[in-house]
Amino acid sequence: DLWQFGQMILKETGKLPFPYYTTYGCYCGWGGQGQPKDATDRCCFVHDCCYGKLTNCKPKTDRYSYSRENGVIICGEGTPCEKQICECDKAAAVCFRENLRTYKXXYMAYPDVLCKKPAEKC
């Protein structure tokens, strides 16, 4: 669920998901349109695509099982939906960590009106 995703982000990046990732660029947070602004925003675009490929799942509310071992997120047992949601969230949290050095504070609370270009396809 979104709370678990937030905890993954915090552990991976050391940053609070709100406000650092909830309104970043064109794809972090609710919805998304246009072209991703940078590598961090692309993490959100890919995460949105990952959620979009799930069928009959509720990624924002379905809880899943995971742990961290030696700093690595391990998705645990559960339904196929729970496992897939966990893998989507894990990939995004790791992506955020890998792109911390290019994170731009100017893309926080980025206005949607500036995300007008045609959206990329997943």
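Note: Cβ is positioned from N, Cα and C throughout, glycine not excepted.
The feature active site is assigned by Swiss-Prot to H47, D89, with similarity to another entry given as support. Feature annotation from Swiss-Prot assigns Ca(2+) binding site to Y27, G29, G31, D48. Among the features that Swiss-Prot reports, disulfide bond is placed at C26-C115, C28-C44, C43-C95, C49-C122, C50-C88, C57-C81, C75-C86, with the record citing similarity to another entry.
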Secondary structure at G29 (Ca(2+) binding site), reduced by DSSP to three states: coil
Fewest-neighbour residue among recorded positions, criterion Cβ within 10 Å, set D48, D89: D48
Euclidean distance between Cα atoms of C75 (disulfide bond) and C57 (disulfide bond), Å: 16
DSSP three-state assignment (helix, strand or coil) for C75 (disulfide bond): strand
Between H47 (active site) and C28 (disulfide bond): CA-CA distance (Å): 9
Pairwise CA distance, C81 (disulfide bond) versus G31 (Ca(2+) binding site), rounded so that it is a whole Å: 21
Cβ within 8 Å of the mean position of the Cβ atoms of Y27, G29, G31, D48: remaining residues of the chain near Ca(2+): C26, C28, W30, G32, C44, F45
Within 10 angstroms of C50 (disulfide bond), Cα basis - recorded positions out of C26, Y27, C75, D89, C122: D89, C122
Sequence-distant neighbours of G29 (Ca(2+) binding site) in its chain (C-beta under 8 A, six or more apart): Y21, T22, T23, C44
Distance, C95 (disulfide bond) to C86 (disulfide bond) (CA atoms, angstrom): 14
